[in-house]
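Listed in TrEMBL for this protein:
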- Asp429, Thr431, Asp823, Asp827: Mg(2+) binding site (BINDING)
- Asp429, Lys430, Thr431, Glu544, Phe586, Lys610, Arg639, Thr719, Gly720, Asp721, Lys803, Asn826, Asp827: ATP binding site (BINDING)
- 113-172: domain 'P-type ATPase N-terminal' (DOMAIN)
- 303-322: transmembrane segment (TRANSMEM)
- 343-366: transmembrane segment (TRANSMEM)
- 922-944: transmembrane segment (TRANSMEM)
- 950-971: transmembrane segment (TRANSMEM)
- 983-1001: transmembrane segment (TRANSMEM)
- 1021-1039: transmembrane segment (TRANSMEM)
Amino acid sequence: TQYHYLRRPVQSAGFEASRYFYAVFSVQLYQIEDESSNLDEMPLMMSEKAFENDESDYQTLPRARVSQRRRGLEWFLCGGWKILCTSCCECLVHTCRRKKELKARTVWLGHPEKCEEKYPKNAIKNQKYNIVTFVPGVLYQQFKFFLNLYFLVVACSQFVPSLKIGYLYTYWAPLGFVLAVTMVREAVDEVRHCRRDKEMNSQLYSKLTVRGDHSVTHPDEVIHNQRIPKSGEFDCSCFIRTDQLDGETDWKLRIAVACTQRLPALGDLFSINAYIYAQKPELDIHSFEGNFTRESLSIENTLWASTVVASGTVIGVVIYTGKEMRSMLNMSQSKNKVGLLDCLTKALFLAQVVLSVIMVALQGFLGPWFRNLFRFVVLFSYIIPISLRVNLDMGKSAYSWMIMKDKSIPGTVVRTSTIPEELGRLVSDKTGTLTQNEMVFKRLHLGTVSYGTDTMDEIQSHIIQSYAQFQSQGGIPTSSTPSRKPQLPAPKVRKAVKAIALCHNVTPVYESRVNGASTEPERTEADQDFSDDNRTYQASSPDEVALVHCTESLGLTLVNRDLTSLQLKTPAGHILTYYILQIFPFTSESKRMGIIVREEATGDITFYMKGADVAMARIVQYNDWLEEECWNMAREGLRTLVVAKKSLTEEQYQDFESHYNQAKLSIHNRALKVAAVLESLERDMELLCLTGVEDQLQADVRPTLELLRNAGIKIWMLTGDELETATCIAKSSHLVSRNQDIHVSNRGEAHLELNSFRRKHNCALVISGNSLEVCLRYYEHEFVELACQCPAVVCCHCSPTQKAQIVRLLQQHTAIRTCAIGDGGNDVSMIQAADCGIGIEGKEGKQVLLMVHGRNGYKRSAALGQFVMHCGMVISTMQVTYTQSEEPHVYFHFCSDIVTRVITVNWFALSTKSNTLILCRFISNAIFVCPPGGILMYGALMLFDQEFVHVVAISFTALILTQLLMVALTVRTWHWLMVVDELISHSCYLASLAFLNEYFGIGRATLGAFLDFSFIMTRMFLWKVCVITLVSCLPLYIIKYLKRKFSPPSYSKLSS
């Protein structure tokens, strides 16, 4: 027999016992029951053909079509190159690595020889390259970006004699150095990934395969292997945490397969002739369809990877491994992100080409003008020198270090240093947890009277009085026949609180049971410890836990629950037992949940149901208060639930049960048939009450969102919660003041809803994942255009893949930059797809990351880029070969202005307009650079007309002094390192005169190597160079002074 035990605890070192496999599990009770039915003769319930032809209810978002409004400039510059390279690589990958078609599978228990198919190994692989693909892969990732490709083309142009303007090594040495550093960095990352993958894949669970292997998962190390058959969870259920899969922090209940409980021993699980038929791997993490021989399987019988077993011991059968796991299918390929400043160099290159055309046009297009055009392009290549990338990379590393060392946001880790300035240009996409996920009961409305938190003592007195009256009469409170007559407050309160205490999926968990102190299911009621000290409630919804806590405070306490019954304790201490006949879990389609219970004392059968008002309004009896009160609670930001009930006779229930079981065994359209049977029962139900629950917000959420909106950032909330939950959070956090919900199910409804929404103004958009899918399938462009006009967008019930596709959609159809903020494993794909991704650990918000570091990073990178390109434009204007300049690459790393001490949203909003490094700013800089360049060149020729052989030393000395002086005139707040760097830059130039004299002189050492050096030391040289420098800098300084004096920026008040 094959046993695979996982002894690692759930909480240890971040390794979950169930992280790397999916399992349909069965918790063994080992109770000896009737074995008359032979499991070996169980018929096959579903064929492979049926599963292959079946379409899942969940459809993934189609690939976003490329917008018809693609910017022609960007496509002209790099679109063709990108499409060509991407197509070739995709074709090569598709040819070398053909993806295996995903199929349904049949897994036989204990009979691996019956499995003929080959499935992926239960291992992970985070490496992007191997030994063969490392070099070409890194080169492709680097040269697919325009800036790197530009440097490569310029360097290659120097092999053409007619275009050569300098030494080859002056072009290839910097490029080779940059590529070498990049490859070393990628190699280090690959080694780290390889070691991490090797460590993870060396665990015992890596041996599991889809061949009938079993796995045992438990939450605590103290539960040894010998005690697994006597697990404390004797109710055939367990709880799991799925926060790393779907972002929901609530515990979810999972139930074992019922027929396995007939087996008396663990070994019999391997000897029976049983199998699991599972659908093919899908992206949807919220649904599953399959069969365990003759029993149907659903999502309640599954345990996905990346989930954690919170309580209980699980014995599971592996059905998906490796790349076929739900979490791996929802993972998107990571991309190399680049900052916006790198992208803006495309526009600068276009300006460079325009300048070259103008120069050729001034010559009248005479002679070989086409070759001259390329010569001018190469000559103007100094405008975007390769030193620009080197300086920007060093600056970004400094910004990243500042972010990690900022005491106002402790614990921040920068995963990439290539895009810190992107934090300064965010327009849309905000996701993550806005609330604490802690529900508090606030309101109970009975139709004629409303109770709040300040009147809960009245409800408690009614409950005590009602149960005391029935107990004194020797009976149990019941109301099998609903009455149309007006009821007194006490009976109405009792019926409402009783319904709330029964209609839920909450399970009480006791500390003694979790620790294994009490594991025998045969304990009597007297032996059970139902004290309030060691009892906690666990459920898949925090709303239900809040309601059960409320009933406990009112005197009706849930003390025990298993798969077949639950027990309530009255205020007098009596235990009431109710048998669970059927339970209907909450779904996003039905928006309600229900339960059918039989009271042990009276035998009465009652159907309880609760749900959203939109779903319950057509189910309950006619009333004139429900809609109005739901609207009143919604305005207060409360999450409402309508509670109703219906009494059933024995004949009515037996008829329903037979039809319901038959519908659950259907293979095709199972969900529709089950819903139809359940709908026949949901008629003319008695309305009991309306509850209101408040979700506590994070600290300072409302002012933070207001701050971001005033800064010009549009906020989109992408969440995995249900529609009602997301709407309540958006209202309570003031993300939206008024909203318009969109519910569509087909193409016609989508068209009508979009047209209706287009006529509304200042309305937020709230849409579910299924409705979003329909809109994007048929009206992708119209939907994106409409959504971008909304002040806020809330997309609820989104899968990890949908979140990433929404981000890509914004990138393809708009020119905005996106930032994805997430706090769970389900946000990884979205963070990778966004232009800038932020992962939050903990519950506190970090708006300082956007408002301070983002703004500073963008402004500093832009200023640094301007200085580098300013030097290049001066050199191009002088038309002198210049191989390396001494740019001040440290100055703006330590620049500190008033924004780090006093932050205003208007200042940040100005930076989002990109008015620092756009084409117009470049043209203005080019206009102002031409006079200094001409002054430097003609000043050297006019003042030193007798020393023309020293023109290189003259012009370059004046150029470097001009650049250093421009830095000094621009900086407002000095740092001591900036002064040191000024001196170092000047010293390096003086040292180069001695070591590089052959480039400054007229020949080699034998022909007068120190000719320039001796000439530079003369007084005439010094004062004339100073005059040239001052004359070249004076116009720019005067213009800047006049601009600040008569046309100051809007934020200059802070600096005064």
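Just so you know, glycine gets a Cβ as well, placed from its N, Cα and C.
Automated prediction, rather than curation, is the source of TrEMBL annotations.
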Practice item. Calculate the distance in Å between the alpha carbons (Cα) of Arg639 (ATP binding site) and Asp827 (Mg(2+) binding site), and round it to a whole number. Key: 25
Study note, to complete from the structure: Lys803 (ATP binding site) and Asp827 (Mg(2+) binding site), compared by Cα position, are separated in whole Å by 8
Study note, to complete from the structure: With the fewest other Cβ atoms within 10 Å, the residue among the binding-site residues Arg639, Lys803 is Arg639
Revision key, fill the gap. Confidence over the domain 'P-type ATPase N-terminal' (113-172), expressed as mean pLDDT on the 0 to 100 scale, is 82
Check your understanding: Which number gives the other C-beta atoms within 10 angstroms of the C-beta of Phe586 (ATP binding site), all protein chains shown included?
Key -> 20
Study note, to complete from the structure: DSSP composition of the domain 'P-type ATPase N-terminal' (113-172), residue counts helix/strand/coil, works out to 31 helix, 0 strand, 29 coil
**Study point:** Pairwise CA distance, Gly720 (ATP binding site) versus Asp827 (Mg(2+) binding site), rounded so that it is a whole Å
**Key:** 10
Revision key, fill the gap. Phe586 (ATP binding site) sits from Asp827 (Mg(2+) binding site) (Cα to Cα, rounded, in Å) at a distance of 24
Study note, to complete from the structure: The number of other Cβ atoms within 10 Å of the Cβ of Gly720 (ATP binding site), counted over all protein chains shown, is 27
Check your understanding: What count of other C-beta atoms do you get within 10 angstroms of the C-beta of Asp827 (Mg(2+) binding site), across all chains shown?
Key -> 26
